[in-house]
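*Asks:* According to Swiss-Prot, the record shows the following:
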- 20-40: transmembrane segment (TRANSMEM)
- 42-62: transmembrane segment (TRANSMEM)
- 89-109: transmembrane segment (TRANSMEM)
- 120-140: transmembrane segment (TRANSMEM)
- THR178: FMN phosphoryl threonine (MOD_RES)
- 204-224: transmembrane segment (TRANSMEM)
- 228-248: transmembrane segment (TRANSMEM)
- 255-275: transmembrane segment (TRANSMEM)
- 282-302: transmembrane segment (TRANSMEM)
- 306-326: transmembrane segment (TRANSMEM)
Amino acid sequence: MALVQQSSPHARRARPTSRVMLWVILAALPGLLAQTLFFGWGNLINVVWCIALALGSEAAFLKLRGKPVAFFLRDNTAAVTGLLLGLSLPQFTPWWVSGIAVVSAIVVAKQLYGGLGSNPFNPAMVGYALALISFPVAMTTNWAEAATLWGGAPGFGETLAKIFTGGQTAVDGWTMATPLDEYKHKIASHTSVEVLGHPTFGDLIARGWEWVNLAFLAGGVLLIALRIITWHIPVAFLAGIAAMSLAFGSNADQYAPLQLHLLAGGTMLGAFFIATDPVSAATSHQGKLIYGAGIGVLVYLIRSWGNYPDAVAFSVLLMNFAVPFIDHYTPPRTYGHHKARRGVPGRSGG
């Protein structure tokens, strides 16, 4: 039997960015499907609108910079930014609020820094945070009540009219606070058992939201299995939330239980799809663990003591600030080299 001789290194060709981003889009579809099934058409409409506007904004700015538009649009990164914003925004967000968020993400947070690979901050979270700070009412009062498509959720036409016309419609009766918001504002005057007994929390812990988070968890596991992302950031993210929740868990009548933190809000979307952005995240495995854990801790702190019930965007952006510091002290090992041994050179113990 003839042996094939091949010189080292036996390196595999890197996956093109367009294929990686396509897998991210496909892995997020179960979460989008769950959002649509349990909260109506709002997120699906937001996703289509945000992706279209993200591609248009990127194309326009690339044209202004004299760059080949078709070449850069094919990397699918603008589509992923639009997708993440559409998944993160409230279901009935006015079109102009989501539009400002998308344009800010693409133009300000990405293209002004030089485009793909040059942005120090997660573009989607920059757009989300800007919209939340600038339009707090629109970003906090347009969440849909959990109602399945077959169980009375607003129709496609009603949802479309609410988003793009802003008029008073029957949809207004379907808006409500999220489970995290409900818990945060009622725990001061009620016991934990009383708060969790509200219909907002459903049979498990967060009516509708638990299935959305589990769907994003399934998509995230797929990305890890395909080696699109590594496990370090998501696991450290969730471990950070769990550690903080367990540390304060003895006071159950003041702080939300662990399962609410894990299965409500944008926890799984943030852990597997947002925090793992390869450009703005830490580089080495050790750095990714620190980065992910920092985000998880910040999410818990802001949810518990901050002004915003969900805190993924601000936590990711704050840790983006820390990435240069983390990378400086946790550089990846150079291929073929070992860590230097401590001690005086030429001296051996004995």
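Cβ coordinates come from backbone N, Cα and C, glycine included.
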*Asks:* Below 8 angstroms Cβ to Cβ, which residues of this chain, lying six or more residues outside the transmembrane segment (228-248), approach it?
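*Replies:* Residues 20, 23-24, 27, 220, 254-258, 261-262, 267, 270-272, 275-276, 281-282, 285, 288-297, 299-301, 304 contact the transmembrane segment (228-248) from elsewhere in the chain.
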*Asks:* Please report, as numbers and ranges, the same-chain residues at least 6 past the borders of the transmembrane segment (306-326) whose CB is under 8 Å from any CB of it.
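*Replies:* Residues 88, 120-122, 125-126, 128-129, 132, 178, 180-181, 183-184, 265-267, 269-270, 274-275, 280-282, 287, 290-291, 294-296, 298-299.
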*Asks:* Determine whether the transmembrane segment (255-275) and the transmembrane segment (42-62) share at least three Cβ pairs under 8 Å, counting only pairs 6 or more apart in sequence.
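*Replies:* Taking Cβ pairs at least 6 residues apart, the transmembrane segment (42-62) and the transmembrane segment (255-275) are not in contact, as fewer than 3 fall under 8 Å.
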*Asks:* Output the single range from 89-109, 120-140, 204-224 maximising the number of Cβ pairs under 8 Å to the transmembrane segment (20-40).
*Replies:* 204-224
*Asks:* Based on DSSP, name the secondary structure state of THR178 (FMN phosphoryl threonine): helix, strand or coil.
*Replies:* coil
*Asks:* Across all the protein chains here, work out how many other Cβ atoms are within 10 Å of the Cβ of THR178 (FMN phosphoryl threonine).
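*Replies:* Neighbour count, Cβ to Cβ under the 10 Å cut-off: 21.
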